[in-house]
Amino acid sequence: MVCSAWLMRQPAFVSGSFRLLRCSALGVRYASVGWQVSSHGRVSSSTGRIHYGSPHCSGYRKVMIGNQAYKVHRLVAATFLGPPPDPSCWQVNHVDGNSDNNRLTNLQYVTPAENQRHSWATNLKRQTNAAKVGKAILWRPCGEEAWSFCPSQREAERLLGVWQGSISSCIRGLARKSCGDGVWYEFKAAPVDEQCPFPDEIWRPARYPAEIAEPAIIPNLLVSNYGRVSQAKSGFGLVSYGTRLRSAANIQVNHKDLNRGNNRLENLEYATAAQNSQHFWQMRSGDAHKSSGKAVQAYSIADSSQCPWLGFDSIAAAARHTGVAWGKIVRVCTGLGTDASCSFRFAAEEQIPGEEWRPAVLEGARRSPLQVF
């Protein structure tokens with residue numbers, strides 16, 4: 001009772017239906033009033049709108065609660081799994097490697113190292129790209145004669161457990177050997193003819209983005225039709241991937257397959273901002289989570305004898321069809337107002353078998369490595 005009274009006296013953290021509650025001494029965790037999270041990766045806002053969160057360029061889905069951005073998978077983990085069993089296991093891993101699948105059964109607490117290893121083991125696109133990024137090297141255990149090929153220093157670090165900085169020191173002649181997992185290795189740069197993974201790759205001098213017909217050439221920089229760039233600096237060659245070097249200053253570059261890591265020439269095209277946005281939504285038309293509006297039903301009071309209820313995917317769609325203001329529709333649906341021409345009600349939300357809902361727990365949902373539960 002003491003804790004309940006103490007909680008009720010606390011002021012709202014922000015205005016509206018959102019409030020942060022805490023009683024650390026008795027183990028009560030931060031929670032949001034009105035927001036709920038489901039075991040199937042869905043969230044329900046304080047107004048009752050159920051959705052999967054908004055897709056973010058990072059690949060994760062996010063929601064805004066109290067002017068703060070929260071990743072949906074971390075909300076699900078904090079709400080259903082509680083705090084991690086160990087402070088080092090602060091990251092939330094997707095078991096199937098799909099960052100869009102935020103079901104409880106697909107989430108687990110892991111250390112950063114475990115998350116990294118799992119990503120390399122399950123992400124086929126990452127494996128394919130990693131084998132082509134960077135400068136190829138040769139390595140061998142100390143005392144052996146045969147050299148082994150590795151497409152990049154980063155890949156060698158993952159394979160052998162040797163820090164990339166130590167590998168780089170060996171390549172540049174600053175160190176003779178480096179140790180990884182108790183084994184000492186030697187490293188050297190691979191011959192040039194072994195470094196190119198694309199036999200038909202074409203290199204051209206990079207040019208500054210500009211509207212003129214012949215923009216100036218960028219010194220010491222080459223760009224290939226496979227989306228790679230090569231930079232010569234201080235006697236060392238560095239090959240990496242880039243996109244914008246091919247674009248004009250005021251025109252966007254669109255990725256045809258929506259994969260921003262695929263910068264091959266055949267996957268790029270110039271587009272205006274409107275064309276780029278239109279292409280994105282056309283490609284995302286098959287997304288199972290595309291609808292995030294609050295479904296409503298409406299009927300004309302003039303035809304109330306037949307009561308033909310019409311369904312709409314969102315309040316905005318109902319407003320466009322009926323001509324009734326968005327705010328008035330909300331008031332009618334919540335019982336706070338009426339309209340002379342139409343009646344509105346929220347449509348029944350889709351029920352998923354086995355789905356469990358709980359109040360959203362915010363403590364730990366935005367956790368950084370330096371924070372402690």
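Just so it is clear, glycine is given a Cβ too, placed from its N, Cα and C backbone atoms.
The domain 'HNH nuclease' annotation in TrEMBL covers 66-116, 226-277.
Note on the domain 'HNH nuclease' (66-116): DSSP counts are 18 helix, 12 strand, 21 coil. Looking at the domain 'HNH nuclease' (66-116) alone, the prediction's average pLDDT is 90.
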